[in-house]
Structures are given as C-alpha cells and as structure tokens.
Amino acid sequence: MALVSQRTAGGRRRRHSGALLLLGPFFLLFAFTYVIPILYGFGLSLFRERYDGVGWEGPRRVFAGLHNYTRALTDQEFLVGTGRVLLYGLIYVPLLIALAAALALLLDSALTAARRFFHTVLFLPHIVPGLIAAIVWVYLYTPGLSPVIDGLESLGADVDLLNGAPLLFSLVNIAVWQSLGFNVVLIYVALQAVPRATVEAATLDGAGELRTALGVKLPQVFPAVMVATLFTIIGSLQLFTEPQIVQSSAESSVTSTWTPNMLAYSAAFNSNDYHYAATVSVLVAVLAGVLSFAVTTFANRRSAR
Amino acid sequence: MYQRVLAAVAAALLLASCGIGGGASGNGNGPTVVTYWSWISGSEELVDRFNATHDDVRVVLERVPAGTGGGYSKMFNAVRAGRAPDVVTVEYPQLPGFVTQNVVRPLEPLGLDELEPEFPAWAWQQTELGGQLAALPLNIGPTVLFYRADLFEEYGLEPPTTWDAYRATAERLRAEHPDTAITNFGSNDAALLAALAWQAGAEWFDTSSGNWRVGGTDEPTGRFSAYWESMIADGLVTVGPTFEERHVTALQEGTSLTLIGAPWTAANVSRFVPELAGAWGAVPLPQWDAGSPAAANYGGSALAVPEGADHPEAAAEFIRWAATSPEAVDAIAGVNTSYPAHLGQAEVWGPGIEAANPYVDGMNLPETAAAAAATVDPGWEWGPDMTVGFARLVDETTTGLDRPGGLADALRRWQDATRDQLRQRGFDVGG
C-alpha cells in the first residue's frame, strides 16, 4: 500500500516537472512581456512629477496615490475618447461579426473552386499593414485628392467623410475592410469541424440551405464567433492607427487625443508624462477586462443552456 | 561537446574584445568621437565639413525623426536610459521642456556663454532659461513675406507693407482674379500661428512672476485673430494644410500668391515648386504699425549638450564651430536656406546663399531677413510642454475658423486647456 502510493507520488512529481518544463518558456515570456510590464505600468501610475516655481531645476517624483486616476476620470479628453471608442465598437463589432459569419457560411456552401478564390480575395486586405491601409483610405477620403470624392462632387453631392457624423463610419469602414478576411477565416475553419452528418441529416429532413446555415451550422460554430467578437471588442477599445493617420492629414476634426490610446501616446511621447500615460493604459486594460468578462460570461451561459 | 563550449566561449571573448576595441578609439590616441542627433537638412554637409577641417574631434551624425515626429521623444528616452548622444538639435519652442525635464546640461561650464555678444539679444534670450544657457542658437527664422513678384507685376500690384494694405490687395485680387487667393492660411501650422501672434506683440507664456502664466486672450492676440477670421470668412484666403497637395497645386497654378515664412521656407518652396525659380520676391512681413516695424521668429533651431553626454568638451567644440564659423555657413548653403543666428555668420550668409542657391538669387532675401532679424520682439517666451501645446493648437484650429470669433474662441480654449494640462503635469501655474 505504502509502496503503491509512493510510486504514484513519484510519477506525479515526474509528470509535474515535465509539464513545468514544457510550460516554462511560455510562462517566462508571459511574465517578461506581459505581467511585469503591467505591474511596472501600474507602479508608474501611482507617481507623478512636481516642479518648484517655473521648474528650471527639474522635476521631483512624488507619490501620487490615486491622483492620476482621479485626473483621468475627470479628464474630458479621456471620458469623451472612451465614449467615442465605445460608440465605435457598438457600430463596428456587430457589423463585422455579422458580415464575417454571413460570408463564412456562404463560403462553406459555395462551389469548391469559387471558395478558393473568395478565400484569397477576402484575406488579402489582412496582409496589408494597418498603417498602409489607413493611409490609402485617408487618401480616398480627402477632398481634392480622392477620385471618389471628386466624382461625387461632380454629381453635385457635397460629402465630407473626415468630419461630423460620417467620420465614425469612415473609420469603421477601414477597420472592416482590414479585418473582415481574418474573421471569415476564423469562422470558416470552425465550420469545417461541423460534422457533415448533421448537415446531411438536416438536408434529408427538408431544411433548405439558409435554414441549414442558420439553424444547424451557426449554433455549432458559436464559440468561434464569440472568440472573434472578443478580439474585435478589445481591438476597438485600442483604436489608434486609423484616427492617428486621419489626424495627421490635418483635414479632419480628429484631435491628437481622440481615443484613449491616442491620449496615452500623446502623454508619453509628446509630453514625456509616463505616469499619466500608464494611468490611461491601465484604465483601458481594466475596461477591456470588464468587457471580455461580460462577453465570456454571456457565451458560457449560452453554451451551458 | 567540450570543444564546442570552448569555441563558444572563445567567440564570446572575441566579441567582447571587439566591443572594447570599438569604444577605445574614442578616447585613445585618435580623435574624440562625438555623436550628433539631428534631422535638419544640411546636417551631413555640416558634419562632413567639420570632420574635413578637424583632427582632434570626429563628429558622427545620426539621423533622427523630426523633433515633434518622434525625435524629441527619442532624445528624452536616450537621456533617461543613460545612452545620450553628445549633441542634439532642439527647436526654440521645445527648449523650456528640455530644461524643465533636466535633459540638457548648462553650457556655461563649457565656455560657450562668452559668445553672448555675438548673437542677437532676443535669440540669446530664447536659449538662456532660468539664468543658464541651455543651448547655443544655430539658426533663426525671422518672419518674411514671400510673394510672386512676376504675377504682382503682371496684375499691377505692389507688395503690401501693412496688414491693412495686405487685405486691400487680397480684395482687389478676389475682384479681378476670382480664382486667386492672396495666401493659404495654414491650418496645420501652430508655429506660424504663434509667429503671427508674436509679431502682433502677444505674449502667450510668461515666467517673470516666478511661475507660469499662460495667455491666449491678450489684446494683440485678439487683434491678429480678428484680422484672420475676417480674411477667412470673406473668402480672401484659402484654408488648409501648408505644403500639402492642394496648397502645392495652388502654388504651381499661380492661384496662391504669397507665403508667410522665414528664410528657411525658401528651400521648402524650391523643393515643392522648382519651376518657379526666379518668380519669387521677399519683403518684410506686413506691419500692424508702419511706424514701428516688428518681426517674429518662426522656426530655427539651437544645439544643446544632453545630460549624460560622454564628451561634452568635444561637443562644445563642434557646437561653437557650427554656430559661429563662416565655414559652417558655406557648408550647408546649397541645401538649407536657414538664416544663421550668429551675427558674423549672418553677414557672410547673404552673398553665400545667393551664389550657392540660384532659387534664392534675386529675391532680395538677405536684406529682408537681416532687417527682420533686427526687429524681433524679445519679450516672447515658450511654455514647458510645447509639443503638446502645438498639437493642441492644431486640434483647436483645424475647424471652425470661418465664424466670427472662431479663431479667438479656439485660442481661448487652447489657453484654458493648456493651463489645466500644465497644472496637472505638476507645474505651478498662475492666472
């Protein structure tokens, strides 16, 4: 008896050390590139700089407690910027996910030859670096440069895609163009795992293509759709590249602190205020965490049903 | 196995010795190596000429992104990380930020303060902050008005000498040549906006009371903003980013007739519209009060030694040469039309630039620039966080300038937000 338990304990220990060896590199990297920077950022956010008089003598670094957090939570730029990305996400996330799911289902039921072609076409924009895509789109949006705008103007339509209400949709359009292909592939791959037997059974029972797609296939790829949703929500909270390019075109009402990430960037790299930049970053991370938690809870509850 | 380990160790040692060898060349018998971070055009020519004429110091130029485009951030981080270069280019608006963040070292211990009498007093005041010389002025940007001399003559116009005359000229142009505007009001150029306010006599920052005072609502600011608001509202100027496609097209087509700039602007113009060589003239910026001519500084840069620089004495030797010797002016004349800050350099600059740069020849730029440099209002100060200050100013002025009070409102919002931001940043801000 004693011998047996000793043997299993030894086996467990060996198995543990094996797991540790395999997982070690991951946790090491995870700690260095993720946990430690977050802790460092959080530490930074608890301090601030103080200047005496004009400040020619340089700053003193002082403990700030929650000062930076109250500063951010009363900062119009941060609050309005957060509202903006939430509104942006409200338009962007459902639109992208619905389009991606629809296209994936279409691809799944299409002819094999066409499938290959559309796959490539849809995925191509994802290969273009986000920065380049944004520059090309901003070019297409800028009056006087864009053939599209010029064409519309010659038809008598006065459109301004870089200001006012259309602005948000212009940004959503860039993001959809960029990430649609990736999400289609994500859902399409999940569709390949749907047992053909269930699809055939549905067909035998007299369900049409549409009915099969929505009633049989879609529920089975729900986890993949949720993963795509989660990535997209986090991505939209971190909105940066597209508005930054629009801002630098100087034709738009987009300011240098238009989204929380732009505010953090400006604080860090224009103002050298790393304490405030860290604070804003921590708050964005917390918001992303809360939203992710909400989405996964919703998804778990749904799949438990 | 052991052989392989041994080989690895040997390789590591070899690498390490190479590293030591590379470092030693800086302070051994050879010349001291000075690293210089800059993005200014002509830096290569400047450094090459210095190295060709000096044996004791060798300058290595490292190109960095333009200051507000990432260069300053790189400098701040390098100093923080203890990897500072020996010399950096800093523009005047950002210098107070460099000083308050302890990024540059005072130049008095390096003997550069003795050069004070050789520089215009106002330029020296831009770099002597808190009683210490933070940088040595290299070049300056006394405001001038570039105008299309050929088209002015063709249309029977005289270059305006006052802002009232400038408006009258604009009105006549609009009436007689409806497609033509007198200028493009740059909506992305905060430094130009500041220069126009400066010329009107405004003071946006003031440290004379021992803390920071921020003002974007004084009488001169109101006067200059009301003037441009009505120019924009009456359609006498176009509004848009300077030197972007639409502006360049207007310059090419001859539908934008003047440019508010500084001597360095000439090099930009020559790059964007090379075909207009010989078409431009330069006159003093129009005046608010013809009786007392005033100019402002628009652009230009200074040289500073970062905190933690390895070779400050050698750095000072390079800075002194670049900012005072006629040779340095000659070296860059072909590519950079900036006006030197140093009084002696300025004297040789005129004939040199006209010989080296055919685009500038015949504009009457040297006389105009010299007159402007002598009348810059010395009272202007910059704030301690101007990269953000300029970004915010562009944010505020990109839209809504065509309403009455639009520019004045934007400047008031800028003032309030700047006060608030500086306070939050930890500065002592007065009214």
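Backbone N, Cα and C atoms are what each Cβ position is placed from, and that goes for glycine too.
The domain 'ABC transmembrane type-1' annotation in TrEMBL covers A:82-295. If you look up TrEMBL, you'll see A:20-42, A:85-106, A:118-140, A:167-191, A:221-240, A:274-299 marked as transmembrane segment.
Scored on C-beta pairs under 8 angstroms, the neighbour of the transmembrane segment (A:167-191) with the top count among A:20-42, A:85-106, A:118-140, A:221-240, A:274-299 is A:85-106. Under 8 Å from some Cβ of the transmembrane segment (A:274-299) lie the Cβ atoms of residues 38, 41-42, 44-45, 47-49, 64, 68-69, 71-73, 78, 82, 222-223, 226, 229-230, 233-234, 237-238, 260-261, 263-265, 267-268, all in the same chain and six or more residues away from its ends.
Long-range Cβ contacts of the transmembrane segment (A:118-140) within its own chain (Cβ-Cβ under 8 Å, at least 6 residues beyond either end) map to 103, 107, 110, 146-149, 162, 170, 173-174, 177-182, 184-185, 188, 241-242, 244-246, 249. Counting same-chain residues at least six beyond the ends of the transmembrane segment (A:221-240), those with a Cβ under 8 angstroms from any Cβ of the stretch are 85, 88-89, 92-93, 96-97, 100-101, 104, 171, 175, 179, 183, 186-187, 189-191, 194, 259-262, 265, 284, 287-288, 291-292, 295-296, 299, 302-303.
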